[in-house]
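S.K.: Sharing a structure with you now.
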Amino acid sequence: MEAQPQQDSISDDRNPRRSYWRWRKQDFFPEFSFQSLSSYKSALSATCPRLADRLLARSSDAYEIDAARRESENPMRRCLTWWDLLWLSFGSVVGSGVFVITGQEARVGAGPAVVLSYAISGLSALLSVLCYAEFGVEIPVAGGSFSYLRVELGDFIAFIAAGNILLEAIVGAAGLGRSWSSYLASLVKNDSDYFRIRVDSFANGFDLLDPVAVAVLLVANGIAMSGTKRTSWLNLITSVVTVCVIVFIVVVGFTHSKTSNLVPFFPYGAKGVVQSAAVVYWSYTGFDMVANMAEETEKPARDIPIGLVGSMSMITVVYCLMALALTMMVKYSEIDPNAAYSVAFSQIGMKWAKYLVGICALKGMTTSLLVGSLGQARYTTQIARSHMIPPWFALVHPKTGTPINATLLVTILSAVISFFTSLDVLSSVFSFATLFIFMLVAVALLVRRYYVKDVTPESGLLKFLGFLFLIVVSSVGVSALWNAGVRGWIGYAVTGVIWFIGTLGLAFLPKYRVPKVWGVPLVPWLPSFSIAMNLFLIGSLGYVAFLRFIICTTVMLLYYVFVGLHATYDVAHQPMEEAKFEGES
């Protein structure tokens, strides 16, 4: 593992007793490369060798768990149990997707077969949950997937993931804000755009301004800043109400169901089911927020696996039942894509139930915003601890024990995006970023088990990389065949055999690291299958989602080349840079 410097030497004037609210340049850019214009020019001239240095540089468990935390100056408080994590996961996930995306995908994506889309996505999410649980137990820090990837895949890959993590956080919160506004409008005047302001001169998808979405984001994030345990208790109370209403929806939905509404079951074909599975994956996002709370968990080794695996198993069953109830209650072609459940009850003559479901959806989306704000801010905190973004965002407030600065960053950006951008534009970007990160986490888990620096022999590393290459290439091949419209069995058989050979090859290789407490079962089969499913779902998102992802990633790379690369290089080589700085002064 790469040797890391002591963080106390990063800045001479760092002092835990200093005021939390400070705005000096040194608080944002303490690294040597940004001390003056000449030092920055010197850093830019050394971009290529610095990039080569950081491309494969890896962090360590000890650095992420201990040294990196010093950047926050004040500790986060260990106040959560497995019970808190279970309900935080439930509150974060349920309400963000099933009330938002189900109607949209049932109407234009999969029809009644959207229940299969949820089952496919649920299986993929459960595989990712297992990978997250092992990492969460081994590396219990606020950074979640960012820290896991930085330890196993290196600094550069971690940055790409970090950019997508922030994109996921911002776009996800913005989408929830827009959905909250849609449901409130449907309750008031049966028009999901009632509170929005149309500007015809703006491009389609960005021409409906939403001040209500901005307001709800500001309120929810304000509550999350006040304290972790307080937000957890509020989430628990409101989630119990959600459970009661979900039981009502399922029972009443099946009571008023018509089997004729399920015909045709595949109006958009199998391809529509798979494409919808990629989009409804949004419904399952939020479980990674539990891993982000590891730093505030009393007993991570016990609490994280129970909270993650238990909640995701329950949520998958709930989603399938709710999707089936909706499509049996209302013909898929008559489902409202913006406020599906509340309008559905109105269509079957239960107008009073429409308001009950609408209020529950608002509550569910509110708790998703609350819990999402907790997790997103902790992602951002760990990214800032690495100096990939200014370390000012890593500071933890001494009284609340929460990263207020990081929360403000996500809040402001998501509020701006939610003000302009429609839900369909947001969902495809969000799903791509999420699936991409989950795929990388599965790869990182395999790397963790099979490659330990200075322990794994070179021949073993080459064999591992070869088999991993077969797994990734075969997974991409299946996705490419499917989305090209190839339905013959030969292509799928060939790629399937290649995937099997790659995974079987890993199974016969010796593992050089064994989990200390809890680990993913059936390694390498389950992580390999997770890689295949995530890549398959990514390939199903369509051209526009790829284009948006490429554009966003390009912007991230530009930032990395001009800022993030030099900041992280300085942190990794701090003693040398300080000596150089003193020699020039």
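Even glycines carry a Cβ here, placed using N, Cα and C.
TrEMBL: automatically predicted annotations, no manual curation.
I grabbed these lines from TrEMBL:
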type     : residues : note
TRANSMEM : 113-135  : transmembrane segment
TRANSMEM : 156-177  : transmembrane segment
TRANSMEM : 233-254  : transmembrane segment
TRANSMEM : 274-294  : transmembrane segment
TRANSMEM : 306-332  : transmembrane segment
TRANSMEM : 352-375  : transmembrane segment
TRANSMEM : 404-423  : transmembrane segment
TRANSMEM : 429-448  : transmembrane segment
TRANSMEM : 460-483  : transmembrane segment
TRANSMEM : 489-510  : transmembrane segment
TRANSMEM : 517-539  : transmembrane segment
DOMAIN   : 518-567  : domain 'Cationic amino acid transporter C-terminal'
TRANSMEM : 545-567  : transmembrane segment
S.K.: What else in the chain is close to the transmembrane segment (404-423), if you only count residues 6 or more beyond its ends and a Cβ gap under 8 Å?
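M.R.: Same-chain contacts beyond the flanks: 20, 100, 104, 166, 169-175, 177-179, 182, 202, 205-206, 208-211, 213-214, 217-218, 221, 224-225, 338, 373, 376-378, 380-381, 384, 392-395, 397.
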S.K.: With the transmembrane segment (352-375) as the reference, which stretch in 113-135, 233-254, 429-448, 489-510 has the largest tally of C-beta pairs below 8 Å?
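M.R.: Selected stretch: 233-254, with the most Cβ pairs under 8 Å.
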S.K.: Going by DSSP assignments with H, G and I as helix and E and B as strand, what are the residue counts for the domain 'Cationic amino acid transporter C-terminal' (518-567)?
M.R.: 40 helix, 0 strand, 10 coil
S.K.: Go through the chain and flag residues at least 6 beyond the ends of the transmembrane segment (113-135) whose CB is under 8 A from any CB in it; none is fine as an answer.
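M.R.: Beyond its ends, the transmembrane segment (113-135) has Cβ neighbours at 102, 105-106, 144-145, 148, 265-266, 268, 272-274, 276-278, 280-281, 283-284, 287-288, 290-291, 304-305, 308-309, 312-313, 315-316, 319-320, 323-324, 327, 332, 438, 441-442, 444-445, 448, 515, 518-521, 526-527, 529-530, 533-534, 537.
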S.K.: State, in range form, which of 233-254, 274-294, 429-448, 460-483, 489-510 has the highest count of Cβ pairs under 8 Å to the transmembrane segment (156-177).
M.R.: 429-448
S.K.: Cβ pairs under 8 Å only, please: of the recorded stretches 233-254, 274-294, 460-483, which one is richest in them relative to the transmembrane segment (429-448)?
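M.R.: Going through each listed stretch, the top one turns out to be 274-294.
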S.K.: Averaged across the domain 'Cationic amino acid transporter C-terminal' (518-567), what pLDDT does the model get? Just tell me the whole number, please.
M.R.: 87
S.K.: Can you work out which residues elsewhere in the same chain, 6+ from the ends of the transmembrane segment (460-483), have a Cβ less than 8 Å from its Cβ atoms?
M.R.: 271, 274, 443, 446-447, 450-451, 491-492, 494-496, 498-499, 501-503, 505-506, 509-510, 512, 528, 531-532, 535-536, 538-540
